[in-house]
Each structure stands twice: as structure tokens, then as C-alpha cells.
Amino acid sequence: MRVILKIIVELIVGAGLLAFGAERFITASAALARHLKIPSLVIGIILVGFGTSFPELIVSAIAAFHGKTQISIGNVVGSNIANIGLILGVVALIIPIEVHSRLVKWELPALIIISFVIGAFLWNGYLSRPEGIILILLLILHLYWMSITSLKKKVAPLQELPQEKLQMSAKKSVIWWFLGLALLFISSELLVDGAVGAAQLLGISDLVIGLTIVTVCTSLPEFAATLMGVLKKEHDIAIGHIIGSNIFNSLAVLAMPALIAPGRFPSSVMRRDYPAMMIFTIGLWLFTILTSRRGGGIGRVFGIIFLLGYISYVVLLFISST
């Protein structure tokens, strides 16, 4: 009983501190960057595009350092599935999400291409260090592309961040930057320890835990950002968070196990999990094409389909792992 309680506390406290630490670290980074006179365009592209995925990055890095590569890979694939199936599904049930043509023409096709690239890397069941380097280079290339398109639109993504939070003093920014970073590492350690303990207790693999429990815990910032974006009627930002998060997961987060602890992983990733990720990704693209042509949005029907698809996938996971 004491072991079960310890695991539950580690998961709950770890998830809570992870979400809080990520928010503090990201806000302090933006405020500090302003004090250092870093262009707002650069800050906005990095923080708005990928800020909510920072928990996945730290958790995957910590898991890789502990030799738990399966948790890292599971967190990447699982987060990409949960972002679409669980988060968009739940949000669409609450309020319909409008879809604009730019998402259909550029962002989603970019995500699909990147997803095929990581599929090619995962195909042989081995994640290598050179592949990790390529993923980082692709991330840099994508950031460059984002900066070019933002300049063409003459929009600074930093405007999408809460301006009142960016008025933090330089001293306060530095303090919160270090505290936020410390909280990220402490909470990630707790979360990984709890996840490993849960896997041992339930008799299932680290991969399945990474695909489910760790994924849900690290996806809390995406859920909050997407829901708030839709409620504020900033639909482009809402879906943009999901697409940006999935791109960051596929490039930066997957690069962590490749660079830190390269090696083999279970064949079930390519047999079961990667195909599921592609179905959700391509399915979202097809839904957005359909809704943009009809002039509607991702409504409750699509939300139910996404959510039922995610629940079915999780059930399949646990059935196949027992």
C-alpha cells in the first residue's frame, strides 16, 4: 500500500510541479530575453511555437539519462497522439474550433512530412546519434522557416503572449528562471520515478507507461493553452499550439534519447504506435480540409471521433501489453 501511495504522490506532485515550473520558466525566459534586447520575433517563435512542449523535452531527457529510452520514445509518440485525440477531442466537445486555410496549406502538411521523416528513422528499430543530430538540424531549419513566414506576415508572435507577465523585472526574471528550471528537473525526476514504479507495479513496459501516464502528465500545458485559445476565439493559436507541439516533439524531444542514450526499442512502436500517430495526424488534416471547404469548424462530431479513437488506442495498448 505504501508503494502505491508513493507512486501516486510522485505522479501527481510531479505533474503539478512540471506544469507550474514550465509556465514560470517560459514566462521568465521571455521577460529576461526582453531585458537582454533579444528581438521579440525570435522570442515569440520559440516560446509560442514550442513553449508548451518544454515538459516533454525535460522528461524525455531525464528518462534517457536514466537509460529509460522507451519512456522517452513513448512520450514523443504518445504526446503526438494525445494532443490530437485527447486534447483536441475534449476541446472540440466543449466548443467548436474554427479552421483557417493556412493550417491546411502549410502547418499540417509540414507536420505530416516531419512525421514521415521520423518514421524513416524509427523503421529499423534503432535510434542513433547521427539521427538525433539530423533532427536538431531539421528543428533549426523549421525555426528559420517560421521566422521567414512571420516576417512576411509582419506579425511578431510575442504579441500572442500575456503582456502583463512580460513586465517582470530583470532581477525577478533571473530568480524565476533558475527556480523554474530547478522545478522542471525535480518534477521530471519525480514523474520518471513514479512512471517506472507504476510500470513495475502493473507489470507493463516502460514504453506503455510513456505512451499513457507520462504523456497525459506532460500534456497538461497543451490542454490549457488550446482551451484558453478557443475560449478567447483565437482559434489559429489554439490549433497552432497542437501542431507546434507535435513538430517540437518529433524533432527536439525525439532527439533527446537519440543523442543521450541511442539504442534499440520495441518493434511495437512501428507496428502499433507510429501507425496510430499517423492515422490521427492525417485524420486531422483531412478533417481540416473538409471543414475549411464547408466553412465550419472542428465540432462535437469530430471531437467525439477523435476522443473515441484515443480511448480505443489506449484500450488496445493495455490489452496488447498484458
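Glycine is treated like the rest: Cβ placed from N, Cα and C.
Note: TrEMBL annotation is automatic and uncurated.
Annotated domain 'Sodium/calcium exchanger membrane region' per TrEMBL: 9-146, 173-318, in sequence order. What TrEMBL records for 6-26, 38-65, 77-96, 108-126, 173-192, 207-231, 243-262, 274-291, 298-319 is transmembrane segment.
Under 8 Å from some Cβ of the transmembrane segment (298-319) lie the Cβ atoms of residues 81-82, 84-86, 88-93, 96-97, 99, 204, 208, 211-212, 272, 276, 279-280, 283-284, 287-288, 291, all in the same chain and six or more residues away from its ends. Secondary structure of the domain 'Sodium/calcium exchanger membrane region' (173-318) per DSSP, as helix, strand and coil residue counts: 127 helix, 4 strand, 15 coil.
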